Amino acid sequence: MTEDPKQIAQETESLRKVAFFGIAVSTIATLTAIIAVPMLYNYMQHVQSSLQSEVEFCQHRSNGLWDEYKRFQGVSGVEGRIKRDAYHRSLGVSGASRKARRQSYGNDAAVGGFGGSSGGSCCSCGSGAAGPAGSPGQDGAPGNDGAPGAPGNPGQDASEDQTAGPDSFCFDCPAGPPGPSGAPGQKGPSGAPGAPGQSGGAALPGPPGPAGPPGPAGQPGSNGNAGAPGAPGQVVDVPGTPGPAGPPGSPGPAGAPGQPGQAGSSQPGGPGPQGDAGAPGAPGAPGQAGAPGQDGESGSEGACDHCPPPRTAPGY
């Protein structure tokens, strides 16, 4: 039983849409997780640092109020109940640190003095000092031209008896560029005929002309008288010119072998001139990795001088 090709094509198209939708949703979810998770982690860390700073500040305030209460109790002579340590134990604050804070409570201290600046501890403000200033950035693109300014106020009127001269103006007006050529005008009327010119006088004779072509041949003349008889002729033998070379003859028999020649006495020649430079060789193999360098010196411990002063109530 064969299936309908149209039905198969429809199912393929529907499955293609479902696959495309699934891939798009998974891609968007992945990108959202990549961007949202670090942002959420950073926000939670910021909130934790802020809450830790606020909790330490509230703890500092409560310790101050408790010291005031103890001082008032000592002055009035009324014995009160013992302060519980559950709150401080939950925050990791020991009695020695409370005693140290109570002894130094009378002086005004910044937040950095409360949290301590010993090695391995964090400042109460939850952030480090500002780093060094970075290098200046590149110059930006030039901005657009500004709008034209408003026209200036009119000048004072000149007096009636004052005349404008070349020295009256305080600015130099250069000559403007020449204007375009105007349209050609209409043709003017014909001028009056001029006066007759002076006569040239008698002309000088010119040079002789070139020779003319030769004339036609004349009529042949009449026969002349018969001449005297000549001397008898002589027979002279003259050698003829040599004829062309004949064909080459057949080769003759081979001759006897000659005597062996003497050994040569020539010296070997000197070295020839230096040849051209060869092609550059292939790059060498990379060298072995160097040994790791020594560890650097430990950096200075951070201080809490950059933290803002505590937000205490008036009178503290």
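Every residue, even glycine, has its Cβ placed from backbone N, Cα and C.
Here is what Swiss-Prot records for this protein:
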type	residues	note
COMPBIAS	127-157	compositional bias 'Low complexity'
COMPBIAS	183-204	compositional bias 'Low complexity'
COMPBIAS	205-217	compositional bias 'Pro residues'
COMPBIAS	219-234	compositional bias 'Low complexity'
COMPBIAS	241-251	compositional bias 'Pro residues'
COMPBIAS	256-266	compositional bias 'Low complexity'
COMPBIAS	276-295	compositional bias 'Low complexity'
COMPBIAS	307-316	compositional bias 'Pro residues'
REGION	127-316	region 'Disordered'
REGION	128-157	region 'Triple-helical region'
REGION	176-202	region 'Triple-helical region'
REGION	206-235	region 'Triple-helical region'
REGION	240-266	region 'Triple-helical region'
REGION	269-304	region 'Triple-helical region'
SIGNAL	1-36	signal peptide
For the region 'Triple-helical region' (240-266), what does DSSP give as the number of helix, strand and coil residues?
0 helix, 0 strand, 27 coil
Can you give me the average pLDDT across the region 'Triple-helical region' (240-266), rounded to a whole number?
80
